[in-house]
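J.: Would you mind keeping the following structure in view while I ask a few things?
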Amino acid sequence: MSTSPNLAVLDALDKARTQWYHITAIVIAGMGFFTDAYDLFCITTVSKLLGRLYYYDPHPVDGKLKPGKLPQDVNNFVVGVALIGTLTGQLFFGWLGDVLGRKRVYGVTLILMAMCAICSGLSFGSTPKAVMGTLCFFRFWLGFGIGGDYPLSATIMSEYANKKTRGAFIAAVFAMQGVGLIFAGLVSMILSAIFLHSFPAPPFSSDHIRSTQPEADFMWRIVLMLGAIPALITYYWRMKMPETARYTALIAGNAKQAALDMGKVLEFEIEADQEKVTQFKSANDYPLLSGEFLRRHGLHLLGTMSTWFLLDIAFYSQNLTQKDIFPVMHLTSKAENVNALKEVLQTSKAMFIIALCGTFPGYWLTVLFIEKLGRFRIQLLGFFMMSVLMLIMGIMYEYLRDKNHVLFATLYGLTFFFANFGPNSTTFVLPAELFPTRVRSTCHALSAAAGKAGAIFGAFFVQNYTLDEDPRKIRSAIVALAFTNMIGFFCTFLVTETKGKSLEEISGEDGKAAEGKA
């Protein structure tokens with residue numbers, strides 16, 4: 001294949017200094033991820049409250065009464081149904097982003113997220129089954145909207161950025177997920193504290209009925225509905241963003257419009273290069289399901305899908321089962337010793353501390369170091385450290401649980417740190433860089449959907465090992481997750497380093513084979 005000529009608009013984007021429009025794009029795309037994380041993980045703070053409100057059984061179990069608890073299958077669906085929606089949304093909107101354009105479908109995801117966040121809080125019914133069924137219905141469609149944000153935000157940011165800081169910009173968008181996690185804990189903590197101050201109640205051990213405040217039924221609804229606010233605020237600014245020049249030129253074939261759009265953003269005139277665009281398109285006109293794609297990018301796609309799948313088994317298992325592990329770490333009290341709102345307050349506070357001290361720093365260290373260390377090294381380091389830390393926690397589980405709670409909490413927090421200063425960030429960045437423009441959004445969607453398949457496995461299977469707080473089951477789950485991360489370490493060798501290269505150089509769209517493996 002002959003080498004395709006360079007396009008002026010792509011050269012201008014790759015060489016552009018960091019400007020205000022870069023920062024604006026990070027904030028606009030990042031607010032979507034802030035909302036995503038808040039909506040996905042705020043349910044963790046209130047799921048035990050739902051059990052107390054709707055599933056209290058007045059008949060003794062093993063000779064004593066216990067606070068209400070969501071049945072295992074109901075708990076799995078309440079927590080995990082949004083992940084199923086996210087997976088389907090990723091595939092649908094990722095494909096649509098390559099067919100219709102990134103911008104055209106970008107606002108739809110936010111509207112869907114805002115509507116379903118509000119409707120989730122309005123889940124009413126005459127029976128617990130009706131309330132949970134309505135909640136699960138709207139959380140599925142909430143997840144569907146969230147799913148669209150993954151491939152679209154990553155693709156838009158990668159196609160807007162210059163090649164020197166592209167990885168940091170994409171990672172910064174994803175790092176807003178860490179801020180969303182913190183706010184999920186913070187908002188639940190503040191609201192539960194306000195409600196607890198206004199409606200005090202005795203612990204369950206003192207009064208089985210009055211320990212569950214009826215007013216708590218409003219609290220969890222407010223927590224869920226507040227997720228609509230950042231989505232609504234961001235919608236206007238998303239609609240003002242121009243389509244990416246790479247989509248307009250290389251897929252739509254409109255070099256003049258691409259040069260005009262980016263000329264406004266970069267604030268200087270860019271040559272249209274219509275003839276060169278035509279050559280670019282003809283040199284890279286192969287679909288996803290083709291031998292050419294398989295030859296060029298088959299291993300890359302296998303690498304991005306497998307690593308994201310394996311990472312999310314561990315990452316979402318940890319996040320979604322925090323509420324079950326916190327009592328073992330003595331970060332929260334036993335359910336019998338607190339009232340309903342106090343339990344939410346303690347769970348939210350523990351989640352907030354873990355996110356602030358372990359999760360949040362990891363995201364932003366990736367932003368700082370991804371262009372120095374590269375994606376490949378950070379991903380290897382993260383997978384390796386997660387494996388080691390989880391193996392230590394699994395092997396020493398009884399000792400840590402009974403005799404060294406501080407060390408247990410530290411190790412647990414460090415696994416979150418190395419997940420985010422590691423594969424949780426890089427598995428998002430790499431699929432946005434490795435693949436050609438024509439299928440970039442779809443390939444990111446496939447990789448992200450593989451990740452959500454791992455998250456669903458964690459929500460519906462791994463979570464079963466932690467619900468009854470059986471130490472043997474929890475130990476087995478932690479050790480299994482350690483080995484899952486080690487497999488992810490080796491699957492990382494299927495991808496290449498992308499640091500410092502243009503998207504066309506990485507994908508081979510410039511007519512040259514993608515160079516060198518990491």
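Cβ atoms are placed via backbone N, Cα and C, with glycine included.
What TrEMBL records for this protein is below:
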- 20-46: transmembrane segment (TRANSMEM)
- 25-499: domain 'Major facilitator superfamily (MFS) profile' (DOMAIN)
- 74-93: transmembrane segment (TRANSMEM)
- 105-124: transmembrane segment (TRANSMEM)
- 130-148: transmembrane segment (TRANSMEM)
- 169-198: transmembrane segment (TRANSMEM)
- 218-237: transmembrane segment (TRANSMEM)
- 350-369: transmembrane segment (TRANSMEM)
- 381-400: transmembrane segment (TRANSMEM)
- 406-430: transmembrane segment (TRANSMEM)
- 442-462: transmembrane segment (TRANSMEM)
- 474-495: transmembrane segment (TRANSMEM)
J.: Would the transmembrane segment (406-430) and the transmembrane segment (169-198) count as touching if the test is at least 3 Cβ pairs under 8 Å, pairs 6 or more apart?
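T.: Output yes: the transmembrane segment (406-430) sits against the transmembrane segment (169-198).
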J.: Are there 3 or more C-beta pairs under 8 Å linking the transmembrane segment (130-148) with the transmembrane segment (74-93), counting only pairs at least 6 apart in sequence?
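T.: With 3 or more qualifying Cβ pairs, these stretches touch.
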J.: Would you say the transmembrane segment (474-495) and the transmembrane segment (130-148) are in contact under the rule of three or more C-beta pairs closer than 8 Å, pairs 6 or more apart in sequence?
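T.: They do not touch: fewer than three Cβ pairs between the two stretches lie under 8 Å.
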J.: Same chain, outside the transmembrane segment (169-198) by at least 6, Cβ under 8 Å from its Cβ: which residues?
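T.: Apart from its flanks, the transmembrane segment (169-198) reaches 22, 25-26, 29-38, 41-42, 44-46, 153-154, 157-158, 160-161, 213, 215-216, 218-219, 222-223, 226, 319, 339, 341-342, 344-345, 347-353, 355-356, 359-360, 362-364, 366-367, 370, 420, 425-426, 428-429, 432-433.
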J.: When you check the transmembrane segment (20-46) against the transmembrane segment (381-400), do you get at least 3 Cβ pairs under 8 Å, counting only pairs 6 or more apart in sequence?
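T.: Counting Cβ pairs under 8 Å (6 or more apart in sequence), the transmembrane segment (20-46) does not reach the transmembrane segment (381-400), since there are fewer than 3.
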